[in-house]
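Q: My questions all concern the structure below.
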Amino acid sequence: METHQGFLSTDPHELYYWRMQRGRDRMERDKVAEQNQYKRRLRVCVATCNRADYSKLAPIMFGIKSHPDEFDLEVMVLGSHLIDDYGNTFRMIEQDDFDIGSKLHTIVRGEDEAAMVESVGLALVKLPDVLQRLRPDILVIHGDRFDALALATAAALMNIRILHVEGGEVSGTIDDSIRHAISKLAHYHACCTPRAEQYLIAMCEDHSRILLAGCPSYDKLLSPQHREDYMDIIKSWLGDKVQKNDYIVALQHPVTTDIRHSIKIYGLMLDALLSFNKKTLILFPNIDAGSKEMVRVMRKKGIEQHPNFRAVKHIPFEQFIQLVCHAGCMIGNSSCGVREAGAFGTPVINLGTRQTGRETGENVLHVRDADTHNKIYHALELQFGKRYPCSKIYGDGNAVPRILKFLRSIDLDKPLQKTFCFPPVKDSISQDIDHILETQSALSVDLGGTNLRVAIVCMMGNIVKKYAQPNPKTFEARMQLIVKMCSDAIRDAVGLNCRILGVGVSTGGRVNPQEGVVMHSTKLIPEWTSVNLRTPISDALHLPVWVDNDGNCAALAEKKFGHGKGVENFVTIITGTGIGGGIIHHSELVHGSTFCAAELGHIMVSFEGPECSCGSRGCIEAYASGMALQREAKRLHDEDLLKVEGMDMKLSEPVTAGHLINAARLGNSKADAVLNKACTALGVGIVNILHIVNPSLVILSGVLSSYYKTPVQHVINERALFSAQSIKVVTSELEEPALLGAASMVLDYATRRTY
């Protein structure tokens, strides 16, 4: 007797059908569980054709392999990986502990245009059998090689979904045509830069299938685990006597649309390197048409036997990157020079037209018309030994997590057929990508006399997260804390969906923003003179860094987020511990010839006034700053002239400017006289500013701004020229002008550079 649906049943027929139904239900549940298990393990095939694309695909492969419960990885190797003359580089894939499921010999030797076409044809003959056997859900291919074009063609015709890495870029050769052709065949795109994303959208690709990921190789380049054995690597490839920053890495490939000219440039490069007389690591060119002729030129000049040169076919990527990082210069036309080298600030000389369409950092010097030995030699003189700010144009080190998240979101039940969109090209970045809606943001650093503050600030001026620590006393401790706090913020930014574009630093004193150097600081921050802030922060964080005076930063904050938005000419004056400010003229910040412009606190309003912190007398700051008011409050207190009836003042608390203001409000004539003198001094100084730069707006910022606003406007009405009396004085509504101003440098200039 069995129970069925809550009652006892003795009917054998009913029990039979019930057992049958229960069996069918169990089978259905097992089927659903099997389907769910299948969905959880996405079968991903990664196809690599040469040493260059493996450096971009390997981080993705490691990421997929680290999630065996979600992904089933298949590795396909073809192209020059399997050719002895190019180093049999498939072995490095095996050394990375990847199981190579398929090896396809697809290269027809000859290294000319016809051989490239025949290689594509041979690959198309061999690929169908392999793809039919592997049956991947997704085929991941990279870049712009003719081998990759064969892969994309075969997969598209066999209804296999394609994820194309690094589409949408422009380099300036036949590679563009191949890359764009692959993009049109691919179903999904993982691109590296906002410009590439916009180009894909302009090519009518569905923007919901485009991921702005960054370059996967940057995940390894920007890893916090720097190799300490780089000198061993340098010595193993270049000899024991070679030091870092004192050698050259050369890598030149043929330009298949103009082979003869690219061979000529190659010969001129070798002549210039011979004349320059520095140790040089030179890599053999890739397998493109024209490479054999380039090797002949190299051997004819005796490069392989020359004591200054080390010619090699292949270097493992991790070692090659260390060699590029610590080189005095990189020369040639490899994409590594305009992409990966920028992450280290290594100076690069790009020869010819092969990479001229690429986005580059300021470390790249283009020699497009490299028609003479002298021109290339002069470029070497200009670049060798320099260091540039680290650039993150091509990524921020988080590409692989984004790509894995993107792969997980792919719905295999949706139709495979591509749909093309025809929208106008959008100016905004990534606003329509459902897979990753990151907010372009800046790290801002406010270096105060007491506290060191760091904030993540988004494009709209919202402070997403703020950090504060006491400012250490020594230079070394201060720099370590800046880097640590910024590193913590960068880690948090990923979870907060913020893409950090760079770092802005606001500090007191005179600053050279072009070099990122604090030339002379205030007395509030001792040991802070002739200090290069830009380079150590950029090197540690692999981000571009901007540095400026705190007064200038306050002006920039008003320009982007405050009363100065849309105003062409205005002045910001900070009324705090000291007096500072910034001048915006024709929508640009005024720095002056020696970066001393807008030292507004040191405008003299009296020959015989009180001594100022700058060593002079009669400056605005000596009358109207918080320190000046505190000094006068303490003097009155010592003379027992400060406290009045109704004023609450504890004996133990220090005397501040607030006590002076409170005493004046309660009728203390001595305190009132001090404040009237301070208001007059500040007002007269501002009248002088109005007569010199004639702004249309004066913005008072800082803790004393609300107190000074009305008296200053009164002084302007009394003492300014008639044409300047209509100029308005307003108080800032920004709560954190220093942090917002530091962020505005990044948000404005980094996006101008097309990060």
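Using the three backbone atoms N, Cα and C, a Cβ is placed for every residue, glycine included.
TrEMBL annotations: computationally assigned, not manually curated.
Feature table excerpt (TrEMBL):
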type: DOMAIN; residues: 69-407; note: domain 'UDP-N-acetylglucosamine 2-epimerase'
type: ACT_SITE; residues: D550; note: active site
type: BINDING; residues: H602, C612, C614, C619; note: Zn(2+) binding site
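Neighbours and distances for these, please.
A: Residues near D550 (active site) in space but far in sequence (CB under 8 A, at least 6 apart, same chain), listed by position: D446, S506, T507, G508, I574, G580, A738, G741.
Within the same chain, residues at least 6 positions away in sequence whose Cβ sits under 8 Å from that of C619 (Zn(2+) binding site) are I579, G601, H602, I603, M604, V605, G609, C612.
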Q: What residue among the binding-site residues C612, C614 has the most other CB atoms lying within 10 A of its CB?
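A: When each Cβ's neighbours within 10 Å are tallied, C612 tops the list.
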